[in-house]
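*Asks:* I have a structure I would like to understand better, so I am pasting it below and will then ask my questions one at a time.
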């Protein structure tokens, strides 16, 4: 301890306060803590409380030193035309700006690439789900076709899932669901111009028309009906009044001469 005091006495210089500008203060109380009547003890483990105590002590030292400097006529404000050279040159600052800009652009590119990878991953996931769904539907349809071919099922709903029918007419509407109707353009033209029906082969006989004999009339078929010139019919009288042929008329003329 004596040695420390001797060293302190050796480098201590008896100078005026203007040359030293030292201000020594004790702990400054927090006005907020005083108003709330709490203890002024600073917890050394609390960084925020410790830094605030340093800030209050420095602020109090400034408030004490400024009046003394004004009393000694020492200027404390920087003049308006004061020029101070920067610690770093403009070239160095430009390099720093370019480095910061390149770093920011690299971060933006990295973020965009990350988002793009995430979108591709999501799109691939959706595509895989769609393919799996299609494969599942195809598998179910093939199984339904096999069951129908083997006679294990009589339903054709797998051919057209959109059409639904009631339970009463399932068999009648099953064949209709397998046939696709005309498109909208064809239906519009049929509605506007009409539809004449089938032309080719329209006069051909069918099994039903061949077996249908309800309109058959034997007298008409054998020329025995009225006006056909048969025996006992009116056609006989009409045949007598018929004009004779050319040769008969010539013979009649010759006889008249």
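In case you wondered, yes, glycine gets a Cβ from its N, Cα and C as well.
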*Asks:* What range among 98-124, 125-151 does TrEMBL record as region 'Disordered'?
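*Replies:* That would be 98-124, per the region 'Disordered' entry in TrEMBL.
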*Asks:* Looking at 28-47, 48-67, which one does TrEMBL call region 'Disordered'?
*Replies:* 28-47
